[in-house]
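Reading through the structure tokens given below for one structure.
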Amino acid sequence: MEIVLTNVREFEELARQALPKMFYDYFRGGAEDEFTLRENIEAFQRIRLNPRVLLDVSSINMSTSLLGFKLSSPILVAPTGGHKLAHPQGEVATARAAAACNTIMVLSFSSNCTIEEVASSCNAIRFFQLYVYKRRDVSAKLVQRAESCGFKAIVVTVDSPRIGRREADIKNKMVAHKISNLEGLLSVDANADGGSNLEAFANETLDPSLSWKDIGWVKSITKLPILIKGILTAEDARKAVEVGVSGIVVSNHGGRQLDYVPASISVLEEVVQAVSGAVPVLVDGGVRRGTDIFKAIALGAKAVMVGRPIIYGLAAKGELGVRNVIGMLKNELEHTMALAGCPSVEDITRSHVQTPADRLRSLI
Ligand SMILES: Cc1cc2nc3c(=O)[nH]c(=O)nc-3n(C[C@H](O)[C@H](O)[C@H](O)COP(=O)(O)O)c2cc1C
Ligand SMILES: CCCCCCC(=O)C(=O)O
């Protein structure tokens, strides 16, 4: 009997069944106690909605724009490495699905398909995620390749001076999967002594000396706009604006880096207030429902990015699975907007949500 899937969470079990344990654990896992991994989901669940009624919702428009690019909905594909561990077509299948859904895909620096393969696979707006390596020439080369392949922005990930301690990967001795973009540029022999080879590889290559002045270096190697991914405080958000980024992604890397940091959705509003509209603010971490997207927009996000559900869709059904995941989230958002009385994304306001802090204030 065919299983009827009704929400994106259900793809996780299909992915678990389809994948070797080592790879499923890598995709699912978070750092150490996985507090932040759980908190990303639970913090969304603590936010309530305040619907408004009698506001003609016969037509719902989810479209929005980011850095001047038009999107069919405020949903982007987050950068996640290693898509060939999920499906033989890897990032090419994900990119085709994102293109079919008129969604921007942020291609991970750690992809298994090359920048060129992804660029030639379909016609879509794409951003490129950058890790700054100790070998700056290698990072610069990848940015130049992305720029010449028509990628539209660079997303610099700044929460990873070293990789988080993912204990499942340590137990499984996670392999250092092939990062195709590095072929001919870098070969690293990073065999962990009994632990995660991916962690050993990352710690060998990532530049832990990266600092604010280096955003200037990234700007100097490209004409593309720069977004900074991995901001969790108002202080850092202000600094990001000062150094001239074009956008901020509030993110804790899906709970995979420093454990016990707050859920991204819990700090979104303070970041939005700190930048006072100077640049668009995106958020990721724990987005699993259309209502989550609605909540993020109400708290000031321009758009959300989605990580694991995309990989689970890919593992379960390839390109079709990714289309299904994005499609389900879009349908749920459309439905939420109708029931909340918001015919367009611009109609979603702060007054449509009630956070735990709001409830506390109303008691005082
Ligand atoms: C398997 C996996 C690989 C990831 N790889 C990257 C990466 O290469 N670069 C990056 O900036 N973030 C990476 N991330 C973090 C995501 O971009 C995103 O911040 C996170 O997945 C959002 O949380 P969610 O999975 O709950 O949606 C990865 C996340 C996962 C789950
Ligand atoms: C530099 C290689 C590290 C790949 C790690 C990918 C990633 O960010 C993850 O969360 O996993």
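Please read every residue number as a count from 1 along the shown chain.
Each residue, glycine too, has its Cβ placed from N, Cα and C.
Those TrEMBL annotations? Automatic predictions, nothing curated.
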Of the candidates R96, R165, R166, R308, the one that TrEMBL places in the glyoxylate site of Y26, Y131, H253, R256: R166
In sequence order, those binding-site residues of Y26, G81, Y131, R256, G286, R288 whose CB lies under 6 Å from ligand 2: G81, Y131, R256
Euclidean distance between Cα atoms of D284 (FMN binding site) and Y131 (glyoxylate binding site), Å: 18
Spatial neighbours of H253 (glyoxylate binding site) among the binding-site residues G81, Q129, K229, D284, R308 [C-alpha, 10 Å]: K229, D284
Neighbour count (Cβ, 10 Å) for K229 (FMN binding site): 25
Distance-selected binding-site residues near ligand 1 (C-beta under 6 Å), from Y131, H253, D284, G286, R288, R308: H253, D284, G286, R308
R166 (glyoxylate binding site) and P79 (FMN binding site), distance between Cα atoms, whole Å: 18
R166 (glyoxylate binding site) versus G81 (FMN binding site) - Cα distance in angstrom: 15
